[in-house]
Amino acid sequence: MAFLRSMWGVLSALGRSGAELCTGCGSRLRSPFSFVYLPRWFSSVLASCPKKPVSSYLRFSKEQLPIFKAQNPDAKTTELIRRIAQRWRELPDSKKKIYQDAYRAEWQVYKEEISRFKEQLTPSQIMSLEKEIMDKHLKRKAMTKKKELTLLGKPKRPRSAYNVYVAERFQEAKGDSPQEKLKTVKENWKNLSDSEKELYIQHAKEDETRYHNEMKSWEEQMIEVGRKDLLRRTIKKQRKYGAEEC
């Protein structure tokens, strides 16, 4: 998003709107983010875009995680991250400064590289890149979030009774393709009696209980490591109201 704002800043500095820079597009272009033509050079240009350096704490975490894993092979990732966070808090300022200085040095290099990168683009290229940048940013953000939650050991969501049934019956279902197998399983599920479905409903309830218990434990760990932003909204509200009552 920061890069997108930088791009838009270039357009503003030129004193022209997106529509003005695309004179001739006519009614096909209704907003700065509505495009009907995306040049092939998008990928190559975006690939050459400088990447922001990681923060001093994240640099420290990436460095320490393999060490902690080797020392504690049976420990969960969330526990390792909690220990690393504690180690960072206890780290003397003189040692933290090493990571902070490295970040500042890389940030300065990044600023120079991004400046040179933007100078190579024409206003029309900037216009065309905006949508691609936005799309890639949103996809990357979602993917990063998913990877982060996996790394932090967030519990898997509970399965429905139908999903439990699919997992059990899919492999043996008739069909030459996954789509055909799934269709068969779906039809078989519809034909089950309520009493036959009850077994899978019970499994789903047990999975719901498992998820609730694991999430409660996981969110307590996230609070310990300073990641309250990952709590469910209902939990955040409960903690907020609880604090107000105190």
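All positions are counted from 1 along the displayed chain.
For all residues, glycine too, the Cβ spot is worked out from N, Cα and C.
What Swiss-Prot lists as DNA-binding region is 50-118 (among others). Per-residue pLDDT, averaged along the DNA-binding region (50-118), amounts to 90 for this model.
Marked as DNA-binding region by Swiss-Prot on the basis of sequence analysis: 155-219 (among others).
What Swiss-Prot lists as phosphoserine is SER55 (among others). Secondary structure at SER55 (phosphoserine), as computed by DSSP, is coil. Less than 8 angstroms from the CB of SER55 (phosphoserine) sit TYR103, each of them six or more residues away in the same chain.
Annotated phosphoserine per Swiss-Prot: SER56 (among others), in sequence order. Listed in sequence order, LYS96, TYR99, GLN100, ALA102, TYR103 are the same-chain residues at least 6 apart in sequence whose CB falls under 8 Å from the CB of SER56 (phosphoserine).
SER61 (phosphoserine) counts 18 other C-beta atoms within 10 Å of its own C-beta, drawing on all protein chains shown. Residues or ranges marked as phosphoserine by Swiss-Prot: SER61 (among others).
Counted within 10 Å of its Cβ, the other Cβ atoms near THR122 (phosphothreonine) come to 9, all protein chains included. Feature annotation from Swiss-Prot assigns phosphothreonine to THR122; the stated evidence is a large-scale study or a structure entry.
Around the Cβ of SER160 (phosphoserine), 15 further Cβ atoms fall within 10 Å across all displayed protein chains. When secondary structure is read from DSSP and collapsed to three states, SER160 (phosphoserine) falls in the coil class. For SER160 (among others), the entry in Swiss-Prot reads phosphoserine, with the evidence type experimental evidence.
Marked as phosphoserine by Swiss-Prot: SER193 (among others). DSSP assigns SER193 (phosphoserine) to coil in the three-state reduction, placing it in neither a helix nor a strand.
Long-range Cβ contacts of SER195 (phosphoserine) within its own chain (separation 6+, distance under 8 Å) are none. Annotation source Swiss-Prot lists phosphoserine at SER195 (among others), citing a large-scale study or a structure entry.
For LEU58 (among others), the entry in Swiss-Prot reads site 'Intercalates between bases and promotes DNA bending'. Taking all protein chains in view, 12 other C-beta atoms sit within 10 angstroms of the C-beta of LEU58 (site 'Intercalates between bases and promotes DNA bending').
For LEU182 (site 'Intercalates between bases and promotes DNA bending'), the number of other Cβ atoms no farther than 10 Å from its own Cβ, over all displayed protein chains, is 14. Residues or ranges marked as site 'Intercalates between bases and promotes DNA bending' in Swiss-Prot: LEU182 (among others).
Per Swiss-Prot, transit peptide is recorded for 1-42.
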_Between SER160 (phosphoserine) and THR122 (phosphothreonine): CA-CA distance (Å)_ = 52
*Taking the Cα atoms as reference points, how far is LEU58 (site 'Intercalates between bases and promotes DNA bending') from SER193 (phosphoserine) in Å?*
53
_Roughly how many Å lie between the Cα atoms of LEU182 (site 'Intercalates between bases and promotes DNA bending') and SER193 (phosphoserine), rounded to a whole value?_
19
*Rounded Cα separation (Å) that holds between SER160 (phosphoserine) and SER193 (phosphoserine)*: 17
